[in-house]
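Worksheet: the structure to be examined is printed underneath.
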Amino acid sequence: MKLTNYVSRMRRRTLVISGALILLIAAGSVYWFGFAMPASSSQAAQAPVTRTVQASLQTMEKSVSTTGTLTPTVQQTAGFTVSGTVTAVNVVAGQTVTAGQALATVDTMTVDAALLQAKATLATAEAKLADATSASDGSDAAVAQIAADQSSVDLASAAVTDAETDVTDATLTAPVAGLVTTVGVAVGDRVSAGSSSGSSTSSSSGAGTTGAGSTAGTSAATSGTTTTASTSGFTIVSTDSWQVSVAVSESDIANVAKDDQVELSLTGGTAFFGTVASVGLLPSATSGAVTYPVVVSVTGSPAGLYDGVSVTTAIVYERRTNVLTVPSEAVTTAAGTSTVTTLDAEGAEVKTPVVVGETVGTLTEITSGLAEGDSVVVTVFTPGGTGTGGQTGGTGTGRQTGEFPGGGTGTFPGGGTGTIPGGAGGGTGGTTTGTTRSTTRNGGANG
């Protein structure tokens, strides 16, 4: 009986202790998950994400951006100066030729016969002159006869020269080195004499290597068919000299001058350079927009250029080197005072007042308050902000209206209306017009 009571009491005590332990564990879990962990997570979530960059020297540019069409500076047409039937065509559209290379040939039977006749006439005239000279008695009549015979010799000699030229011209050669864009004759065509060649600085409407051009003549491909072809049967564009014609808006034309440097790029990203060759004085209006024609000469002979392709141009009208800059999102402006967060010798953050200059793209000029190499803290993410800060906010497109600094409506260089650099409202880098581009050189925002 006593043993039974003892066991019963031990069981109740064990249950009480077990229950107490369960309650303690439950209470601890409630505290941990309900208070301790959220507090810890909240503290971690409140910690801003930053990165450190160095103030660095950059090259800042202001430029007018637009697009244009690439054309060869020199374009020439070539045609036969003699009449005849085409017996050979030596090139095709899209082929590159050298100056003097044979393009086509006409039948020389007629010109060969004309040359023989001219030489015979010359021989007769020379013989007659020789007879008159040997028989001369010095009289006025004899002297007059000799003069007349000499004139006949001169005329016959000139006719021989012309006939020899016709024989040479029966083979049409390229007047310049370049790309053949139009072939307007075919074997069997009958061509008429015309001007040998013409040149211009404007591009043919031919589509480059396809040879489809507005100057193409008619060619006969069917055997036995005779067709009269254009006397300017070939078009050749020089591939070692190029130009780009662009239209600059009325608001930007005052910034453009002859000899300004120009940065050009193709759609595929190929970059090359040039200079402003001319600035037109007469504007044109399209849908109410007034523009001025500007011609850009391409420097050198870059590879991969073709007639008629679209080119993006940036006409640089101001360039400053060795400009001290920091990423725009590193600058905070409040109550008219701009500051950046720097690191002192011990690595502690210090709010440092600065004087800002121009803002170009993602960088802001610092005219006072920092030195090259100073460590600057950039906030990448701040709790409460919806932007990504230094990663995407405030980067802009690099195309601004030329209003510096900032170019936007926010209180931070780089534009934006958010309260945190690179936050919800930032990130566009100011108002975009698409007509003025600002770029940076020698490094990026990371110094």
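A Cβ is built for glycine as well, from the same backbone N, Cα and C atoms used for every other residue.
Owing to the predicted nature of the structure, the values given are computational and were not obtained by experimental measurement.
Database features (TrEMBL):
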- 81-197: domain 'Multidrug resistance protein MdtA-like barrel-sandwich hybrid' (DOMAIN)
- 192-230: region 'Disordered' (REGION)
- 322-378: domain 'Multidrug resistance protein MdtA-like C-terminal permuted SH3' (DOMAIN)
- 384-403: region 'Disordered' (REGION)
- 408-447: region 'Disordered' (REGION)
- 408-432: compositional bias 'Gly residues' (COMPBIAS)
- 433-447: compositional bias 'Low complexity' (COMPBIAS)
Summarise the domain 'Multidrug resistance protein MdtA-like C-terminal permuted SH3' (322-378) by DSSP state, stating how many residues are helix, strand and coil. 3 helix, 39 strand, 15 coil
Residues in the domain 'Multidrug resistance protein MdtA-like barrel-sandwich hybrid' (81-197) per DSSP class, helix first, strand next, coil last, are 57 helix, 25 strand, 35 coil
Give, as a single whole number between 0 and 100, the mean pLDDT over the domain 'Multidrug resistance protein MdtA-like C-terminal permuted SH3' (322-378). 92
